[in-house]
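Feature list (source: Swiss-Prot):
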- Cys60, Cys62, Cys75, Cys78: Zn(2+) 1 binding site (BINDING)
- Asp449, Asp451, Asp453: Mg(2+) binding site (BINDING)
- Cys794, Cys867, Cys874, Cys877: Zn(2+) 2 binding site (BINDING)
Amino acid sequence: MFQLRNFEAIKIGLASPEKIREWSRGEVKKPETINYRTLKPERDGLFCERIFGPTKDWECHCGKYKRVRYKGVVCDRCGVEVTRSKVRRERMGHIELAAPVAHIWYVKGIPSRMGLLLDMSPRALEKVLYFVSYVVIDPGDTPLTKKQLLSEKEYREYLDKYGNKFRAGMGAEAIKELLQEIDLEKLSKELKAEIRESTGQKRVRAIRRLEVVQAFIDSGNRPEWMILDVIPVIPPDLRPMVQLDGGRFATSDLNDLYRRVINRNNRLKKLLDLGAPDIIVRNEKRMLQEAVDALIDNGRRGRPVTGPGNRPLKSLSDMLKGKQGRFRQNLLGKRVDYSGRSVIVVGPELKVYQCGLPKEMALELFKPFVMKKLVDEGLAQHIKSAKRMVEKIKPEVWDVLEEVIKEHPVLLNRAPTLHRLGIQAFEPVLVEGRAIKLHPLVCTAYNADFDGDQMAVHVPLSMEAQAEARFLMLAANNILKPQDGKPVMTPTQDMVLGCYYLTADEEGVQGEGKYFSSPEEAITAYQLGYIHIHAKIKVKMTKEIDGVKKSKIIETTVGKIIFNEAIPQDLGYVDRTNPETAFDLEINDLVDKSKLGKILDRVYRLHGPTKTAETLDKIKELGFRYSTKAAITVSVSDMVIPKEKEKLLKEADEMVSKIESQFRRGLISEEERYESIIRTWNMTTEKVTEALMTSLDKFNPIFMMAHSGARGSKNQIRQLAGMRGLMADPSGRIIELPIRSNFREGLNVLEFFISTHGARKGLADTALRTADSGYLTRRLVDVSQDVIVREEDCGTDEGIYVEEIREGNEIIERLADRIIGRVAAEDVVDNEGKIIVRRNELINEEEAEKIEKAGITKVKIRSLLTCKSRHGVCRMCYGRDLATGELVNIGEAVGIIAAQAIGEPGTQLTMRTFHTGGVAGSDITQGLPRVEELFEARKPKGLAVISEISGVVRINESKKRREVIVTDEENSISKTYLIPYGSRLKVHDGQVIQAGDELTEGSVNPHDLLKIKGIFAVQTYLLQEVQKVYRLQGVEINDKHIEVIIRQMMRKVKVEDPGDTSMLPGELIDMFKFEEENKKAVEKGLKPATGRRALLGITKAALATDSFLSAASFQETTRVLTDAAIKGKVDPLLGLKENVIIGKLIPAGTGLSRYRNISVVKKVKDQQDAQDKEKEEAEVKASN
């Protein structure tokens, strides 16, 4: 096995026939596989031991040489080398073809590479290859032209007329001859001249041809290598044949395909030897061509070759393609040792960083560690007896296991792993039973519940892996979400309910108004049953201030005292410097879910992760204890139906009948009638809900659950005890008959039927959404996987201006939220000229608030959109790592984090296109399809008309059509835009607009925006639009994640005029490479190229990456590989995927080369000490 770290890049190219023979260990001459009697491989067959190596370790075919001592001997009887049977996985063979055959990838691909090189149409090429027409190879002095096609009849006529003055041929032989004659350099010059002179279709064709010609010149591939004279045979253990129970054999499809090739090849050889008539030989050659096509890519041309049961056989191309192909199934998704899975149950007694591991599972996972320890401690003589002890499960094994697991973290993963919090590390605690115990607080991150979910356990083995698990992945260190930097470990459900109940206060309960000398006394009184937990009491608080004991009486409840014992008392909710408030409890009001989140956020910011983990455990403990003591439960009597409901419904009925009569009298249109009725019922539902919420008691269990944020919502309470309200029909249109009943009263048949529409649509929607969201995440990961923080500072002066995002008058995202954790690109100065933040400094929460208070509306920040790092991004442009709150570390895989942050909430987004009042054009795409539309840079549905010039608007309305005329007075140009029927105008007469402004409502086509307004405008537009979709669903995502993706979408430049560089017109090239090439050209005094930034959708961008391995493992595998082979592409192995594929450490985190090449140098101090010691000893000796 070669050393994995030894190579920097990997190259792909076409193999010459000599190369294929060089790889091969021998020619496969017979189609036989194994002898049915002896079950040994046939000689010269597809499994031949002489070619591929022995089937048994250290044993030749005939059995003359057995045992390791004959290692390397080649048997003189059967010719098999004595070696390991493993070589059957790596030794290749070959088949010498009797006639050349074209490689289907280069014939059929789009565009057909062979066709472009020869300047033949793919149809003509196919006719020649499959022996339908002749092609003229050398016209001699006849009126024929080179590469002209002749039918059988025409060929005969010309042959009679001119005899052998010209040469024509058919099949791959003819094409091979034509390819050999091509002079690439000359052709390249001709094409360049043609590109300069011609226009239109002709020029486009020349550019495409030049691209292929240039690829062959640069890569050193020869065109005739696209025709195969020799076919490689892959090692037999990669296309195995195994015996099934019934004595039958199961074999890989490839063996069938190879067998057909060999059979036809042998038959062709025989026919050629016999000198058979031309027509028979030709037919055999065509069949050989088809057999090789099926082997390489079955089904690409004509009907696929099928096996038993009409199943198409899997060819070499199919082995690579798709989810089950080599790339995605085996290279990117390996199964690993030292892992197990089991059902999870809740473990409320655990600490945040612990998990319960079933004993038998732990024993199996840590088996080698246990065995070594047994030997080390002398409990077993040697490893073998230790193994026996473990397998017999002797009692002393358990004690050793306890010791082994101490300080050895394990990883827990729950599928689907939507973001990096789906795998976290825990310290295992051995538990009885067979279920893994999970801490309740990490459930949110895993999205786990205990209705039968399963989780997988993995053991990190090496010291480095253990250290990374402990420091980076330990659950206690992953308290913040990488998406938005908010805590992910907030208490939920019972815990929230317990804290809510604990901190509530109630009027007129036992013990109200009593005084206590200390908090402890109050708690004792509560425990002895003298006061109620909710009673308002007075408590004397004592504190030492500057060494002097001071005290003050405050009003609170026992519950609040207990709650405050669990949290630090210096969170800044109370001003401790003010003697009036210095003694107050930190939290002296009702605590609900959002308040808990804020408290934890503060604890984290002030005290760091360790303290937060402790606080979390205390809150968990309290929450569970008091929700149990409160004994909150739900019963029908808790659903109190408001008395006003009947009256409100009656009023609504009257209103509706009024609207109906107006409609019948023709005062209002059908549309207005429908809208008014819907509005009436919506208002009524709202009123019923308000009446319900006011009538519910503050300690009503259902109200408490919803109000505390533990479970349920106002909406659900409305359906339980108010009225269900309006429902939508299958098309999404709202049905004007509302459901008047609630669930307590029960629905009647019609109401039940109406509500089934919505329920069914909801389920179908969820199923579709999960798949779509997963696919979106996959594309995002693929486009951004090589974005890694690679340097400290890229040194750019550029940045972007950010301001708050508004939708109409409503602020969607505040300025402060957008600049927290970013680096300022220039000094931020308030009105008095005082600097709030200097250039290149990180903006934190306080500074962001200051900036907003100072009335500054836009701030210039460093951004990923302007980062100048050639590979990856730099620390300054990225800013704060949201999961830690510090400046991002070098080596952080920010691309993948960004993709996960955008993809993970994808399932929560809605699928539907909202239908509002049936106006055409106002149907806007929202939710997941809208995000996809933006990231794929598609032309959106409901397109807005945008102005290409700045100027004054004039609106012309005639009966037939509406026009908007924009006039630019200064440059005296005007443009007229036809407004489609049904669109709403966004501008009015006489309004002054800028180029790129929308004239009608709807979504803008990002490509138009790029042309008119430029790069920055389109980036801002995409960013804001994606944010709008997520914000409407209440999902917070930090801008920088979306910026990473947009950066990747806009990395390429489309070359317009290549100047004197080696680039081709219309080529997509990385912008950094483009600048580099131009710099070289200018230095040599040549004309640089011109180009414009291109906007690619994420699928296109992922396929246009520099790494062919990454692109091939994403989509369109054969197309990517065909292209890469012809261009002789080199994969520099910079991203994560390509390194996973070839099995190297990924270049992120500690795998970055700058960290990997560190070696420890012994400290100088130690050397100094040693020298001093030697001196002392010498002195002592001397004195003696």
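Each Cβ is built from the backbone N, Cα and C atoms, and glycine gets one as well.
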Spatial neighbour of Asp449 (Mg(2+) binding site) that is closest, considering only the binding-site residues Cys60, Cys78, Cys794, Cys867 and their CA atoms: Cys867
C-alpha spacing of Asp453 (Mg(2+) binding site) relative to Cys60 (Zn(2+) 1 binding site), in angstrom: 52
Residues near Asp453 (Mg(2+) binding site) in space but at least six apart in sequence (CB under 8 A): Val343, Ile344, Arg414
Between Cys874 (Zn(2+) 2 binding site) and Cys62 (Zn(2+) 1 binding site), the C-alpha gap once rounded to whole angstrom: 64
Neighbouring C-beta atoms (10 Å sphere around the C-beta of Cys78 (Zn(2+) 1 binding site)): 16
Chain-internal residues near Cys62 (Zn(2+) 1 binding site), provided their CB is under 8 angstroms and they sit 6+ positions away: Cys75, Arg77, Cys78, Val80
Lowest local Cβ density (other Cβ within 10 Å) among binding-site residues: Asp449, Asp451: Asp451
Sorted by sequence, non-Cys794, Cys867, Cys874, Cys877 residues with Cβ within 8 Å of centre, Zn(2+) 2: Glu791, Asp793, Thr796, Arg862, Leu864, Thr866, Lys868, Ser869, Val873, Arg875, Met876, Tyr878
Per-residue Cβ crowding (10 Å cut-off), top of binding-site residues Cys867, Cys877: Cys877
Packing count at Cys60 (Zn(2+) 1 binding site) (other Cβ atoms within 10 Å of its Cβ): 24
Whole-number Å value for how far Asp451 (Mg(2+) binding site) lies from Cys867 (Zn(2+) 2 binding site) (Cα to Cα): 47
Where Cys874 (Zn(2+) 2 binding site) sits in the secondary structure, as DSSP reduces it to three classes: strand
Inter-residue C-alpha distance, Cys794 (Zn(2+) 2 binding site) and Asp451 (Mg(2+) binding site) (nearest angstrom): 50
Additional residues surrounding Mg(2+), by Cβ distance to the Asp449, Asp451, Asp453 centre under 8 Å: Ile344, Ala448, Phe450, Gly452
Cα distance (Å, whole number) from Asp451 (Mg(2+) binding site) to Cys877 (Zn(2+) 2 binding site): 44
